[in-house]
Amino acid sequence: MLNYFIKRLLGLIPTLLIVMVLVFLFVHLLPGDPARLAAGREADAAVIEMVRQDLGLDKPLPHQFWHFLTNILQGDLGTSMVSKRPVTQEIALRFMPTFWLTVCSMAWAVIFGMAIGIVSAVWRNGWPDRIGMTLAVSGLSFPAFALGMLLMQIFSVELGWLPTVGADTWLHYILPSLTLGAAVAAVMARFTRASFVDVLQEDYMRTARAKGVRESLVVLKHGLRNALIPVVTMMGLQFGFLLGGSIVVEKVFNWPGLGRLLVDSVEMRDYPVIQAEVLLFSLEFILINLLVDMLYAAINPAIRYK
C-alpha cells in the first residue's frame with residue numbers, strides 16, 4: 001500500500017505541470033489590462049507602461065511562464081498586484097473561513113443526505129422514499145444564490161434570528177453552510193439510495209435476515225459498510241467541490257474566504273492570486289481523490305493495492 005501511495009504522489013507531478021500551463025494560459029487570455037487596473041483610472045500611458053514593466057507583463061509569455069514556474073518551485077507564489085502583499089499571506093488569511101465553512105456544510109449534508117438515502121432505500125417506493133427523493137430533487141434544482149437570498153430574507157431580515165453577513169461567530173456559519181450544503185445533501189441522498197438498493201438485494205443480506213438478525217442490524221452492520229465504498233467516492237468529490245466551489249455562496253453572504261478573494265482577483269485581473277488559487281483548488285481535488293482511494297482499504301479490508 002505504501003508503494004501504491006508513493007506512485008500516486010509521483011503521478012501528481014505531470015498532472016500539476018499540465019494544470020500550471022492551462023491556468024497560466026487561461027489567466028493571460030482574460031480580457032482587460034491588469035497594468036491599467038493597477039495604475040488607476042487617472043494614470044496616463046507612461047505610468048501604465050511603468051506599472052507593466054514593474055509587474056513583468058512586458059516580457060514574452062514563455063519568459064513569464066518560466067518565471068512563474070521557478071517561483072512556485074521555490075515556494076514563492078508571487079505578490080498580489082492589488083494589495084502588494086505576498087499571495088501566500090492573502091490565501092492564508094482567507095483559507096480557514098472557507099475550510100470551516102466547507103466542514104460545516106459537509107458535516108450536515110453527509111449526515112442528512114445519507115439518512116434520507118438509507119430510509120428511502122429501506123422503504124423503497126413507499127411514502128418515505130417519495131418524500132426523501134422530492135427533497136433531493138428540490139435541493140438539486142434550487143440555485144445556490146437564490147436559496148441563500150431566500151434564507152437570508154427569512155431568517156435575517158424578516159425574523160432577525162441570524163446575522164446576515166460576516167464570519168465572526170458560529171451563528172454566521174448557519175445560513176452559508178445550509179446554502180452550500182443543500183446540493184451536496186441532495187446528491188448524497190440519491191447516491192446513497194442507489195447504492196443501498198443494490199446492497200439490499202445481495203445474498204448475504206437475505207442470509208442475515210434468514211438467521212433472525214434484526215432488520216436494523218442487517219441494514220447498519222451488513223449493508224452500510226458495503227454500500228459505503230461508492231458513497232465515499234462521491235463524498236470526496238463533493239468535499240473538493242465545496243472547498244473550491246463556494247464562490248457564489250461567499251459572494252452572497254460577503255464571506256471572507258477564498259471564493260470571494262478569487263472573484264475580486266478576477267475583477268481586478270490580479271494574475272498571481274488567480275493562478276495560485278486555481279492551482280490550490282486543483283491540488284485539493286487531486287489529494288482528496290488520493291485520500292479516498294486510501295479510505296477504501298479501511299472500509300473494506302478485502303481491497304488491497306498493488
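In case you wondered, yes, glycine gets a Cβ from its N, Cα and C as well.
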Membrane_side_equal(G75, E267) from Swiss-Prot: yes
Spatial neighbours of the topological domain 'Cytoplasmic' (190-228) far in sequence, C-beta under 8 Å, 6+ residues away: 113-114, 116-118, 120-122, 124, 129, 132-133, 136, 234, 299-300
For the transmembrane segment (279-299), sequence-distant contacts whose Cβ falls under 8 Å of one of its Cβ atoms, 6 or more beyond its ends: 1, 5, 8-9, 12, 15-16, 19-20, 23, 72, 91, 225, 228-229, 232-233, 235-237, 239-240, 243-244, 258, 305
